[in-house]
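Here is what TrEMBL says about this protein:
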REGION    1-38  region 'Disordered'
COMPBIAS  1-29  compositional bias 'Polar residues'
TRANSMEM  85-102  transmembrane segment
TRANSMEM  114-133  transmembrane segment
TRANSMEM  145-166  transmembrane segment
TRANSMEM  178-196  transmembrane segment
TRANSMEM  202-221  transmembrane segment
TRANSMEM  233-254  transmembrane segment
Amino acid sequence: MSTQYSNGQDLEKQLSNSDNFNLDNQTTNYEHDTEVSRVQPAGNNNEYIMIGRTKVLKSELQEAFGGTFSAGVSAPSVHKFANPAPLGLCGFALTTFVLSMFNAQAMGITTPNVVVGSAFFYGGLCQLLAGMWEIALENTFGGTALSSYGGFWLSFGAIHIPWFGIKDAYDDPIELRNAISFFLLGWTIFTFMLLLCTLKSTVAFFSLFFFLEITFLLLTIGDFTGKTGVSRAGGVFGVITAFIAWYNALAGIATNENSYFTIKGVPMPKPKGQRL
């Protein structure tokens with residue numbers, strides 16, 4: 001009995017060592033393969049895509065698309081909610097359009113207070129809610145961007161409401177202008193950070209953040225220097241940004257079921273030698 005038990009232990013050890021050896025080889029081979037590309041085709045007819053260790057059907061793959069506020073290729077969310085991106089984009093677009101018309105001094109109007117309502121409830125609240133839904137849909141980029149710009153519009157509205165006492169805290173108009181410049185500078189830096197994350201997306205989606213970056217930069221410089229012409233140029237770029245945002249929103253709303261035409265995303269050009 002003791003001899004059989006000993007032989008059984010030896011056999012078990014040999015099988016265990018053999019399994020570990022094969023498993024290590026498979027792991028090593030897999031890691032070696034993934035060094036070539038993080039995204040690889042799989043299946044007999046390449047009907048699957050391997051994203052890291054996640055296997056996804058090509059038909060279900062969510063591509064980079066401004067209509068869904070997706071900055072890159074990703075697996076579909078397990079949550080079955082409607083697409084919140086168009087709501088956030090429309091809230092951002094309309095509020096940006098109205099404020100930018102004031103910044104450009106169209107029709108001689110220079111006082112932006114009428115935008116406060118949309119800044120709070122459309123560009124602010126609705127965009128913030130859209131960002132929260134994007135997080136529920138596992139879209140980190142969309143959730144961060146939409147929620148943050150929703151916060152921007154809420155804080156912008158607060159600056160122009162006397163009850164908050166923000167403007168009244170500054171006795172010197174130049175000091176107030178410089179303070180707002182620092183506020184805009186922070187958003188310029190944040191927008192540039194997001195811009196870097198759209199280099200693998202679509203032309204329309206990249207253009208949205210590119211023109212928004214130029215808008216914030218011009219408004220910041222205009223407030224720092226006190227040059228009205230620079231601020232007006234920022235208003236013009238803001239109007240362009242608003243229309244690009246509406247375009248991306250339409251791309252997310254228009255489907256074969258509700259429209260005779262849909263918008264297909266044009267991918268950004270990739271550097272030579274770079275894979276997906």
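Backbone N, Cα and C atoms are what each Cβ position is placed from, and that goes for glycine too.
Note: the stretches the transmembrane segment (233-254) and the transmembrane segment (85-102) are in contact (3+ CB pairs below 8 A, sequence gap of 6 or more).
Among residues of the same chain six or more beyond the transmembrane segment (145-166), those with a C-beta under 8 A of the stretch's C-beta atoms are 69, 84-85, 88, 91-92, 95, 99, 112-113, 116, 119-120, 123-132, 134-135, 180, 183, 187, 190, 194. For the transmembrane segment (114-133), same-chain residues at least 6 beyond its ends with a Cβ under 8 Å from one of its own Cβ atoms are 81, 84-85, 87-88, 90-92, 94-96, 98-99, 102, 142-151, 153-154, 156-157, 160-161.
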